[in-house]
Amino acid sequence: MRLPERQLAVLEAASATDERTMDEIATETGLKPETVTGAAFDLRDEGLLAVTETTTAVAELTEEGRDYVADGLPETRLYRAAVDAGAASSAAPMGEVIGRADLAGPEVDIALANLPRKGLGTIDSGDLTVDPAADPDGDPEATALETLADGGSVDDEGVLDRLASRGLVDLAERTTRAVTLTDAGVDALMEGVEAAETVGQVTPELLASGEWADVEFAEYNVEADAPAVEGGRKHVLRRTADRVKDVLVGMGFQEMEGPHADSDFWINDCLFMPQDHPARTHWDRFALDVEPMAEIPPALIDRVETAHRDGWGEDGDGYHSPWSADFAREVALRGHTTSLSMRYLSGYAGAELEPPQRYFSVEKVYRNDTLDPTHLLEFFQIEGWVMAEDLSVRDLMGTFEEFYRQFGITDIRFKPHYNPYTEPSFELFGDHPETGEEIEIGNSGIFREEVTGPLGVDCDVMAWGLALERLAMLTTGAEDIRDLHGTLADIDFLRNAEVSY
Ligand code: PHE
């Protein structure tokens, strides 16, 4: 049998009785580990070697972890300083103890958070008392850090997770591969294997001498493991937005654009939102201290005011509550992109308005919400509207079913809802693929006559605002919106998340 040199070297270094790791074989043969791995897989494919894989969790100290191995954990240092300050017998002022402990910047907070957690002592209105019987030397976190620093391994997953969440170790999985000779491998060696000289690369010399025609070229093994290359890539949310745009353009929609900071007129008044509506107070709105918006078509302002004061249409009734054009001209960050739909439907944005028409945007909106796993102060809304004669709720539902189906979501549900500007209105819900929780993914409806009338539209308009982040949560399985946006996003998630469609 003839084998390329490197394969022969690996075959000869392998044993029929002991597993040898790729690293061991690399050391023995003087080949690079990746060369050994490539050759080992080739030999496996030829039936001469068996390759086994074991995955082990490995923990590596971070720089901060290493600092604490050298200096001691901040909470231990605080404990010791407290004992020196007499806090083991009676409470000592915290400021004094911190001063003695010689803790730098963020270490103070770290120490104050971990000292009570570990039962080393208590903090009460600025005084520190420590437990004289506590044993910071036996602290499992400190012991684990030392073991890791000495090259040892730690099995206690609870402690490892804790250290990882403190940023003192990085947890990763390591795959070790090992080989053993198969019976066929042993037979081949007994019968004798010759080294076939192979060439890995065509060189100018080979070409010039004409030798290239006679040499044997090494084959590429496209299945061999290669180091992962983590280059830059588009953010998963941006990729989802791009996909949403593709889908909507495919469904015949055109894109709208317009200002993030807009007048209350376009954001709320056109939508028949009464000026004393709770969502229009300063609590929800990011008001901007800029000049009011001057350029709004006066005739449109008049019609919107009429709708608010007296209603629109034959049996319409307005709010009969105060309405002021000055308030309408005030500028704020838009809380929804329905402001764009108003600009387009009014003809102000220059859109073609002969029905049927379909428009969309995937743009940022701003709300003074409380942060939680499904809410951020800014997020992306997938806005859209369809203008046509005789639209019904079935058209609305069918459009959503078609849209979400493009993302593999086939079980959306509708719940009757209330918006001042649509009747009927529906909220949309979907199931989170990981938690099974029902989450709201959008809001929709058919615009009231009080909205379309003043804008000069005399056919039906169905419209919606869907949350891009919620769609991304359903398609990627992210459980917290902060995994998608901002500084808390997990880099591995961002590297690996796929946009499904
Ligand atoms: N503006 C609504 C929201 O932000 C969405 C919506 C748009 C609902 C158009 C109905 C019609 O929730």
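Backbone N, Cα and C atoms are what each Cβ position is placed from, and that goes for glycine too.
TrEMBL: automatically predicted annotations, no manual curation.
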Annotated companion of T338, Q381, I382, E383, F447 at the L-phenylalanine site, TrEMBL, chosen from Y404, Y418, Y421: Y421
Filtered by Cβ under 8 Å and at least 6 apart in sequence, the residues in the chain of T338 (L-phenylalanine binding site) near it are I267, L271, E383, Y421, A463, G465
With respect to ligand 1, which members of the binding-site residues T338, I382, E423, F447 satisfy a Cβ distance under 6 angstroms to one of its atoms? T338
Roughly how many Å separate the Cα of Q381 (L-phenylalanine binding site) from that of E423 (Mg(2+) binding site), to the nearest whole number? 21
Spatial neighbours of I382 (L-phenylalanine binding site) that are distant in sequence (at least 6 apart) but have CB under 8 A: V244, L248, F360, S361, V362, G442, W464, G465, L466, A467, L468, L471
Pick the one among the binding-site residues Y421, F447 whose Cβ has the fewest other Cβ atoms within 10 Å in this structure. Y421
Can you see whether DSSP assigns F447 (L-phenylalanine binding site) to helix, strand or coil? strand
Cβ-Cβ distance under 8 Å to E423 (Mg(2+) binding site), same chain, at least six residues away: G445, I446, R448
Check Y421 (L-phenylalanine binding site) against DSSP and tell me helix, strand or coil, would you? coil
